[in-house]
Each structure stands twice: as structure tokens, then as C-alpha cells.
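In TrEMBL this protein carries:
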DOMAIN    53-144  domain 'Purple acid phosphatase N-terminal'
DOMAIN    155-352  domain 'Calcineurin-like phosphoesterase'
DOMAIN    378-437  domain 'Purple acid phosphatase C-terminal'
SIGNAL    1-21  signal peptide
Amino acid sequence: MLLHLFFSLFVFLTLIDNGNAGVTSSFVRSEFPAVDIPLENEVFAVPKGYNAPQQVHITQGDYEGKSVIVSWVTPDKPGSSEVRYGLSKGKYDFTAKGSFTNYTFYTYKSGYIHKCFLNGLQYDTKYYYEIGNGDSARNFWFETPPKVDPDASYTFGIIGDLGQTYNSLSTLQHYMNSGAKSVLFVGDLSYADRYKYHDVGVRWDSWGRFVEPSTAYQPWIWNTGNHEIEYMPYMGEVTMFKSYLYRYPTPYQASNSTSPLWYSIRRASAHIIVLSTYSPFVKYTPQWKWLREEFKNVDREKTPWLIVLMHVPIYNSNVAHFMEGESMRSVFEAWFIEHKVDVIFSGHVHAYERSYRISNIHFNISSGDPYPVPDETAPVYITVGDGGNKEGLAARFRDPQPDYSAFRESSYGHSTLEIKNRTHAFYHWNRNDDGKKVKIDSFVLHNLYWGQNHQQRKSNQYRLRSLILNRASTAQL
């Protein structure tokens, strides 16, 4: 009875704060066809010029945000791996030299995949850059984040399970109008693994051109999903994550990770941890040991916002993929609570869902209550596997809606997280309603570390002030 009353009070307070409480949306989406866009569509157009660079994308290249990795593909021959860049359009005072590689996948042979590090950049600065040579040269720009600082404001976009359908295009276009500065991508990029033989590589190429209008201009922080595994023994392809690892570099070494599949970065006022659901993570595995050490490197005085990305959600009330995240929950949830992770973004389920702050850390197979309970020290769990891929929506939610679920809807969309300062961030999810951007779910996210510690500091300051005043009064007597 006491627990029931406590939970009722918790839900009521969350309703006041968040504007939504235990809602299953009744919206029924009139879908675009869940089919991939034909290859001849203009969104996959090859740039003009012989051997012109294509599939251009950037990501953060270091731990602190003063470096970027620029990647691109030249289809016919290696060409130059050089990046020319500077502070003015058309005036490139700096040059960085990179490297290139390629790979085969069954009968498919990739183009020449280039990677170049741009180091020692200034914070909060717009850079212009050029790749390629002669008439085939192409020009882009990007902006570096503000200096790592507890009150640095910054806006992230969150996208997952994107693919390359007309629904995917709607999501991408709406995101590009959001004003966000970089993407936290929670896995399942191209869905090329839904094809066979030579076409697997072809659909990786088309996806790279598809997302280039965003990825060439702002960093996407990459994470993998099950559709990047590409374990296809019938084609003789048994190296997992092969296409992804060749095409999408990450700054894993900067955070002392042993694998590109899990790593960490700091950006503005956020510390972002990327975990790999489909790599070993149980006790004493490389990923487990790395995360244990990485949590020690989190300094909430400098980066108050602690964000975790993973592909499979820990809490999910959709029929699709229900309970798939339980093994990772049992291993890592206690750490998430201990270190006051603010929010965890995941994908995999092709729908949207947001949880309350809840935990289930007291449950194991032999004891404890097996149900999540309200926990103000726990993260908010948000599933954004709704990018728009070929597999379509996960339209069936479990009924009744569990107490831990705050809002859920089976639609396509993307999210943004607008960090204002060390204590508050504004979050909202946008539904892509047949070509119209519609904001559906939003709330104010309160920082766990500074919110709780701020109250404690105020209490300590009050007690210290009272002590000083009491001593002053005694001295006067």
C-alpha cells in the first residue's frame, strides 16, 4: 500500500513537470510506403565530375571536441586524401593529409574510402573545407562545439533506425530544420543487410549519399545496431560489422577503448558514452572493463550532462523486441544509477517511447521485487527507433501500459535535446506527420548531479551562514 501511494504521488508530480503521464497516443499514421527509395532517385545522385568525392561525413575526432574525422569515398581511383580547410570560404590556410582503404563484400568492391583527421581546431568556430581536385573538388563547412564547460549550451539531435525509405527522407529533412548541431545516432544505419550479394555494398553507397546533406556539415556520433552485423555465411561473409568498420570511423582510442564499437566523447557540457549491444559486455569483458574505467573519468563539474547511447532499449513496452535489453540491464543498470546518468537513448524498436525515472536494481533471479519502481536517481529511458526504415513501424504496444512508461506512440520521427545550462535541458520528440513537422512529446530534463548537489550545497550554505551569524551574536554578547 505504501509503495502504491508513493508511486501515485510520483506519477502526479511527473505529470505536473512533464506535461504527459502514462499516455499511449491514439494517433494512427497514414504511412508512406515502407519501401526503399529507388536508386535512380535524385536523393542518391552521384556528384558531378570524374572521381568526385561522395558519401562525405564527419564525426568528432578526439575526446574534447577540438578535432574532427572527415571521411569520403572516391569511386574510380584513390585520388587525394587531403583536406584543405580554413576560416573563410574559398580560403584554405591549413592542410591535413589522410589515408585511404577499400574492401570487398562478396563480389562487391568498395570505392576508395578516405579518412582524415583535422586536429587542433578552435572551439566554437566555423570552418570551411575542400576535398577532391580540380573540377571534381567539393566544398563544405562545419562548426566546432563550444569549449567544454558546465554551462555551455548545445543542441543534439537524436535519430535511430534510419534506413533509406521515403519515411527516412521525411525524418532527415525535418531533422535538418531543427537547429540541432550534431546527431546522436543510436544504430541501424543503411539497412543494406536486407539486400543480398552485390547489392549489400550498393545500398551502403546509396545511404552514404542520402545522408550527406547533413553528415558533411555536422558530426554524427555513431553507434551500431543489429543491421550493421552483416553475418552472412551463405555469401562467405562472416566478419561482423565489416562494412560499418571500414566506412564509419570513431574516436575510440581517445577514450582508451579497445574497439571502435564502444567509446566516449565530451562535447560542450555533455559526456557521451556509446555502448555496443552486440559486443560482449558481461563481467570482465573488454567493454565491461572499459566502461568501469570510463565512469571514473566523468567529471560532472566540467560536463554535468551524462548521456548514454545503446541500440537495444533496457525498458520497452512494445511487443517488438520486448525484454531484449534485459541482459544489459542486469549488468549495467546499477552503474547507471550509481553514476547518475541523466538520459539513455536507444533504438531498435520502430516506435517512440519515453519512461519515467525508474529502476529495477534490486531484482535478481533469486530475490528482490521483479518490477521497476520510481527512482529519482535513475535515468530517463527514451527509445527513438523511429527513423523510417524498410521494416516499417512497430505498431503494437503491450496492454495495459506499464507504470514505468510515460509516453509512447508508433510513428516516425526524431528527437532533440537542447541543453541550456548545467541544471536544465529541453527535450522534445517530433512526429513526421505526412510531411509536416509536429512536436508531440516534450519535457524539461533536470540534471541529476547538479540538481541534487545544488540542493545539498544550498542546505550547507544555509547551515554555514546560520553558524556564522550565531557565532557573531555570541561574540557581541
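Sequential numbering from 1, following the chain as shown.
Quick reminder: no glycine exception, Cβ is built from N, Cα and C everywhere.
TrEMBL entries are annotated by machine, without manual review.
Just so it is clear, the model here is predicted, and its values are computed rather than measured.
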Give me the DSSP three-state residue breakdown of the domain 'Purple acid phosphatase N-terminal' (53-144), ordered helix, strand, coil.
3 helix, 51 strand, 38 coil
DSSP-assigned states of the domain 'Purple acid phosphatase C-terminal' (378-437) in counts, ordered helix, strand, coil:
0 helix, 30 strand, 30 coil
Take every residue in the domain 'Purple acid phosphatase N-terminal' (53-144), average their pLDDT values, and give the whole-number result.
97
